[in-house]
(Lines of atoms letter the chains of each structure in order from A and count residues from 1; the text may use other names and numbers.)
(Lines give C-alpha, C1' and ligand atoms only; values in the text may rest on other atoms or scores of the structure.)
Protein backbone atom coordinates (compact mmCIF):
# COMPACT_ATOMS: atom_id res chain seq x y z
CA UNK A 1 0.00 0.00 0.00
CA UNK A 2 1.43 3.36 -1.07
CA UNK A 3 0.74 6.51 0.94
CA UNK A 4 0.44 9.53 -1.38
CA UNK A 5 0.48 13.07 0.02
CA UNK A 6 -0.36 16.06 -2.18
CA UNK A 7 0.05 19.33 -0.28
CA UNK A 8 -1.28 22.47 -1.99
CA UNK A 9 -1.61 26.06 -0.82
CA UNK A 10 -5.09 25.72 0.66
CA UNK A 11 -5.83 21.99 0.88
CA UNK A 12 -3.99 18.68 1.15
CA UNK A 13 -5.04 15.40 -0.43
CA UNK A 14 -4.01 12.16 1.25
CA UNK A 15 -4.48 8.94 -0.69
CA UNK A 16 -3.87 5.22 -0.38
CA UNK A 17 -2.92 3.32 -3.53
CA UNK A 18 -2.97 -0.46 -3.76
CA UNK A 19 -1.06 -2.45 -6.37
CA UNK A 20 1.48 -1.09 -8.82
CA UNK A 21 1.92 -0.43 -12.52
CA UNK A 22 -1.20 -1.05 -14.60
CA UNK A 23 -2.86 -2.71 -11.60
CA UNK A 24 -2.55 0.30 -9.29
CA UNK A 25 -5.75 1.74 -7.86
CA UNK A 26 -6.55 4.61 -5.52
CA UNK A 27 -8.62 2.93 -2.80
CA UNK A 28 -9.01 5.85 -0.38
CA UNK A 29 -8.71 9.61 -0.66
CA UNK A 30 -9.18 12.41 1.87
CA UNK A 31 -9.03 16.20 1.54
CA UNK A 32 -7.97 18.29 4.52
CA UNK A 33 -7.06 21.93 5.05
CA UNK A 34 -3.41 22.91 4.60
CA UNK A 35 -1.91 24.67 7.61
CA UNK A 36 1.38 26.40 6.65
CA UNK A 37 2.68 26.16 10.22
CA UNK A 38 1.68 22.53 10.80
CA UNK A 39 4.23 20.36 12.60
CA UNK A 40 5.38 16.84 11.75
CA UNK A 41 3.65 15.56 14.88
CA UNK A 42 0.34 17.15 13.89
CA UNK A 43 0.62 15.75 10.38
CA UNK A 44 1.34 12.28 11.71
CA UNK A 45 -1.62 12.44 14.09
CA UNK A 46 -3.96 13.49 11.28
CA UNK A 47 -2.74 11.04 8.66
CA UNK A 48 -2.54 8.11 11.07
CA UNK A 49 -6.12 8.84 12.08
CA UNK A 50 -7.22 8.82 8.44
CA UNK A 51 -5.48 5.65 7.27
CA UNK A 52 -6.08 3.67 10.46
CA UNK A 53 -4.99 0.02 10.32
CA UNK A 54 -3.61 0.54 6.80
CA UNK A 55 -0.64 2.28 8.44
CA UNK A 56 0.73 -1.18 9.19
CA UNK A 57 0.45 -2.20 5.54
CA UNK A 58 2.37 0.70 4.01
CA UNK A 59 5.09 -0.36 1.58
CA UNK A 60 6.04 3.13 0.45
CA UNK A 61 5.20 6.83 0.55
CA UNK A 62 5.38 9.58 -2.04
CA UNK A 63 4.67 13.25 -1.51
CA UNK A 64 4.83 16.76 -2.88
CA UNK A 65 4.16 20.19 -1.47
CA UNK A 66 3.75 23.60 -3.04
CA UNK A 67 4.38 24.99 0.47
CA UNK A 68 8.11 24.56 1.25
CA UNK A 69 7.70 24.64 5.03
CA UNK A 70 5.17 21.82 4.91
CA UNK A 71 7.40 19.69 2.67
CA UNK A 72 10.02 19.77 5.42
CA UNK A 73 7.46 18.64 7.99
CA UNK A 74 6.28 15.83 5.72
CA UNK A 75 9.87 14.60 5.48
CA UNK A 76 10.34 14.73 9.24
CA UNK A 77 7.02 12.96 9.77
CA UNK A 78 7.94 10.08 7.47
CA UNK A 79 11.38 9.71 9.00
CA UNK A 80 10.10 9.73 12.58
CA UNK A 81 6.79 7.89 12.37
CA UNK A 82 7.35 5.49 9.46
CA UNK A 83 11.15 5.06 9.51
CA UNK A 84 11.06 1.68 7.75
CA UNK A 85 8.79 2.80 4.93
CA UNK A 86 10.74 3.88 1.79
CA UNK A 87 9.67 7.30 0.60
CA UNK A 88 10.19 9.78 -2.23
CA UNK A 89 9.45 13.50 -2.03
CA UNK A 90 9.19 15.44 -5.28
CA UNK A 91 11.96 18.02 -5.19
CA UNK A 92 15.02 19.01 -7.26
CA UNK A 93 17.23 16.00 -7.86
CA UNK A 94 14.46 13.40 -7.80
CA UNK A 95 14.04 11.40 -10.99
CA UNK A 96 10.65 12.10 -12.51
CA UNK A 97 11.39 10.88 -16.02
CA UNK A 98 9.97 14.00 -17.66
CA UNK A 99 12.41 16.53 -19.18
CA UNK A 100 11.60 20.12 -18.25
CA UNK A 101 12.12 22.28 -21.34
CA UNK A 102 11.77 25.62 -19.57
CA UNK A 103 14.05 28.51 -18.62
CA UNK A 104 14.42 27.49 -14.98
CA UNK A 105 13.35 23.91 -14.16
CA UNK A 106 13.60 24.58 -10.42
CA UNK A 107 10.70 27.03 -10.70
CA UNK A 108 8.26 24.41 -11.98
CA UNK A 109 5.89 23.24 -9.27
CA UNK A 110 6.03 19.57 -8.35
CA UNK A 111 2.27 19.31 -8.85
CA UNK A 112 2.57 20.43 -12.46
CA UNK A 113 5.34 17.92 -13.13
CA UNK A 114 3.55 14.88 -11.74
CA UNK A 115 0.27 15.85 -13.44
CA UNK A 116 1.96 15.95 -16.84
CA UNK A 117 3.81 12.72 -16.11
CA UNK A 118 0.58 10.96 -15.19
CA UNK A 119 -1.29 12.30 -18.23
CA UNK A 120 1.46 11.26 -20.62
CA UNK A 121 1.72 7.83 -19.03
CA UNK A 122 -2.04 7.27 -19.15
CA UNK A 123 -2.78 8.51 -22.67
CA UNK A 124 0.59 8.02 -24.38
CA UNK A 125 0.21 11.18 -26.45
CA UNK A 126 0.84 14.88 -26.28
CA UNK A 127 -1.40 16.35 -23.62
CA UNK A 128 -2.77 19.57 -22.17
CA UNK A 129 -3.40 19.27 -18.44
CA UNK A 130 -5.74 21.68 -16.64
CA UNK A 131 -5.49 21.62 -12.84
CA UNK A 132 -8.23 23.54 -11.02
CA UNK A 133 -6.78 24.53 -7.65
CA UNK A 134 -6.12 27.79 -5.86
CA UNK A 135 -4.53 28.63 -9.20
CA UNK A 136 -5.54 27.19 -12.55
CA UNK A 137 -2.52 25.62 -14.23
CA UNK A 138 -2.75 24.78 -17.92
CA UNK A 139 0.35 22.74 -18.73
CA UNK A 140 1.65 21.17 -21.90
CA UNK A 141 3.49 17.88 -22.40
CA UNK A 142 4.82 16.89 -25.82
CA UNK A 143 4.35 13.63 -27.71
CA UNK A 144 7.86 12.73 -26.49
CA UNK A 145 6.89 13.20 -22.86
CA UNK A 146 8.59 16.58 -22.44
CA UNK A 147 7.21 19.32 -20.22
CA UNK A 148 6.99 22.35 -22.51
CA UNK A 149 5.59 24.93 -20.09
CA UNK A 150 2.15 26.32 -19.51
CA UNK A 151 -0.04 29.13 -18.26
CA UNK A 152 -1.14 29.98 -14.71
CA UNK A 153 -4.29 31.94 -13.85
CA UNK A 154 -5.97 32.72 -10.52
CA UNK A 155 -8.27 29.96 -9.32
CA UNK A 156 -12.06 30.16 -9.37
CA UNK A 157 -12.52 30.45 -5.60
CA UNK A 158 -9.54 32.78 -5.15
CA UNK A 159 -10.84 35.17 -7.80
CA UNK A 160 -14.36 35.19 -6.41
CA UNK A 161 -13.10 35.79 -2.87
CA UNK A 162 -10.80 38.59 -4.06
CA UNK A 163 -13.67 40.35 -5.82
CA UNK A 164 -15.74 40.20 -2.64
CA UNK A 165 -12.87 41.39 -0.47
CA UNK A 166 -12.08 44.39 -2.68
CA UNK A 167 -15.67 45.51 -3.37
CA UNK A 168 -17.96 47.05 -0.76
CA UNK A 169 -21.14 45.88 -2.49
CA UNK A 170 -20.07 42.27 -3.04
CA UNK A 171 -19.83 39.41 -0.59
CA UNK A 172 -18.34 35.94 -0.54
CA UNK A 173 -20.72 33.48 -2.22
CA UNK A 174 -20.97 29.73 -2.50
CA UNK A 175 -19.65 28.63 -5.87
CA UNK A 176 -22.36 26.62 -7.59
CA UNK A 177 -23.61 26.62 -11.16
CA UNK A 178 -26.22 29.39 -11.60
CA UNK A 179 -29.51 29.01 -13.45
CA UNK A 180 -28.33 31.14 -16.34
CA UNK A 181 -25.36 33.08 -17.61
CA UNK A 182 -27.50 36.14 -16.90
CA UNK A 183 -27.79 36.44 -13.13
CA UNK A 184 -30.96 37.88 -11.61
CA UNK A 185 -29.32 38.87 -8.32
CA UNK A 186 -25.84 39.67 -7.07
CA UNK A 187 -25.10 36.11 -5.94
CA UNK A 188 -26.11 34.63 -9.30
CA UNK A 189 -24.15 37.31 -11.14
CA UNK A 190 -20.99 36.42 -9.23
CA UNK A 191 -21.60 32.70 -9.77
CA UNK A 192 -22.13 33.25 -13.50
CA UNK A 193 -18.95 35.26 -13.78
CA UNK A 194 -16.98 32.59 -11.95
CA UNK A 195 -18.35 29.46 -13.61
CA UNK A 196 -18.91 30.62 -17.19
CA UNK A 197 -16.06 33.11 -17.10
CA UNK A 198 -13.47 30.53 -16.09
CA UNK A 199 -14.88 27.99 -18.52
CA UNK A 200 -14.24 30.56 -21.24
CA UNK A 201 -10.77 31.30 -19.87
CA UNK A 202 -9.74 27.64 -19.95
CA UNK A 203 -11.26 27.00 -23.37
CA UNK A 204 -9.49 30.10 -24.67
CA UNK A 205 -6.10 28.98 -23.34
CA UNK A 206 -6.51 25.44 -24.67
CA UNK A 207 -7.53 26.69 -28.11
CA UNK A 208 -4.64 29.14 -28.21
CA UNK A 209 -2.19 26.36 -27.29
CA UNK A 210 -3.62 24.22 -30.09
CA UNK A 211 -3.22 27.11 -32.53
CA UNK A 212 0.21 28.32 -31.45
CA UNK A 213 2.19 25.21 -30.42
CA UNK A 214 3.52 22.90 -33.12
CA UNK A 215 2.01 19.44 -33.01
CA UNK A 216 -1.04 20.33 -30.93
CA UNK A 217 -3.62 21.14 -33.59
CA UNK A 218 -4.61 17.53 -34.33
CA UNK A 219 -6.94 15.08 -32.66
CA UNK A 220 -4.11 13.07 -31.08
CA UNK A 221 -3.80 15.45 -28.13
CA UNK A 222 -5.38 14.53 -24.80
CA UNK A 223 -6.93 17.40 -22.85
CA UNK A 224 -7.28 16.38 -19.22
CA UNK A 225 -8.78 18.21 -16.24
CA UNK A 226 -8.15 17.53 -12.58
CA UNK A 227 -8.47 19.39 -9.29
CA UNK A 228 -11.14 19.93 -6.67
CA UNK A 229 -13.08 22.69 -8.45
CA UNK A 230 -12.96 21.06 -11.89
CA UNK A 231 -16.44 19.45 -11.60
CA UNK A 232 -17.95 22.91 -11.10
CA UNK A 233 -16.74 24.07 -14.51
CA UNK A 234 -16.62 20.78 -16.46
CA UNK A 235 -20.19 20.89 -17.86
CA UNK A 236 -19.40 24.20 -19.57
CA UNK A 237 -15.95 23.32 -20.94
CA UNK A 238 -15.85 22.65 -24.67
CA UNK A 239 -12.21 21.68 -25.01
CA UNK A 240 -11.64 19.22 -22.15
CA UNK A 241 -12.10 15.55 -23.03
CA UNK A 242 -11.15 13.78 -19.80
CA UNK A 243 -11.53 14.32 -16.07
CA UNK A 244 -9.26 12.44 -13.66
CA UNK A 245 -9.64 13.29 -9.97
CA UNK A 246 -6.71 10.99 -9.09
CA UNK A 247 -4.25 12.35 -11.66
CA UNK A 248 -1.82 13.85 -9.13
CA UNK A 249 -1.88 10.78 -6.90
CA UNK A 250 -1.16 8.59 -9.93
CA UNK A 251 1.76 10.85 -10.78
CA UNK A 252 3.14 10.49 -7.26
CA UNK A 253 2.92 6.72 -7.62
CA UNK A 254 4.76 6.81 -10.94
CA UNK A 255 7.62 8.84 -9.47
CA UNK A 256 7.88 6.45 -6.53
CA UNK A 257 7.97 3.41 -8.80
CA UNK A 258 10.50 5.04 -11.12
CA UNK A 259 12.88 5.84 -8.28
CA UNK A 260 12.42 2.39 -6.78
CA UNK A 261 13.29 0.79 -10.12
CA UNK A 262 16.38 2.99 -10.44
CA UNK A 263 17.62 1.62 -7.14
CA UNK A 264 17.25 -2.02 -8.20
CA UNK A 265 13.85 -2.52 -6.72
CA UNK A 266 14.38 -0.95 -3.33
CA UNK A 267 14.55 2.56 -1.97
CA UNK A 268 16.64 3.23 1.07
CA UNK A 269 14.46 3.62 4.16
CA UNK A 270 14.63 6.95 5.96
CA UNK A 271 17.32 7.19 8.62
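Glycine is treated like the rest: Cβ placed from N, Cα and C.
Annotated features in Swiss-Prot:
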type: ACT_SITE; residues: 111; note: active site, proton acceptor
type: BINDING; residues: 6, 7, 8, 9, 10, 11, 12, 13, 134; note: ATP binding site
type: BINDING; residues: 109, 110, 111, 112, 186; note: substrate binding site
type: BINDING; residues: 131; note: K(+) binding site
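Looking only at the binding-site residues 8, 10, 112, 186, the one with its C-alpha closest to the residue listed as 'K(+) binding site' is 112. In this structure, the binding-site residues under consideration are 134, 186, and the one with the smallest number of other Cβ atoms within 10 Å of its Cβ is 186.
Across the structure, residue 6 (ATP binding site) and the residue listed as 'active site, proton acceptor' place their CA atoms 8 angstrom apart.
Cβ neighbour count for residue 6 (ATP binding site): 25 (other Cβ atoms within 10 Å of its Cβ, all protein chains included).
Summarising the environment of residue 12 (ATP binding site), the number of other Cβ atoms within 10 Å of its Cβ, over all protein chains shown, is 24. Cα separation, residue 186 (substrate binding site) to residue 10 (ATP binding site), rounded: 26 Å. Other Cβ atoms within 10 Å of the Cβ of residue 112 (substrate binding site), summed over all protein chains shown, number 24. When the Cα of residue 111 (active site, proton acceptor) is compared against those of the binding-site residues 8, 10, 12, 134, the shortest separation belongs to 8. Residue pair residue 112 (substrate binding site) / residue 134 (ATP binding site) shows a Cα separation of 13 Å.
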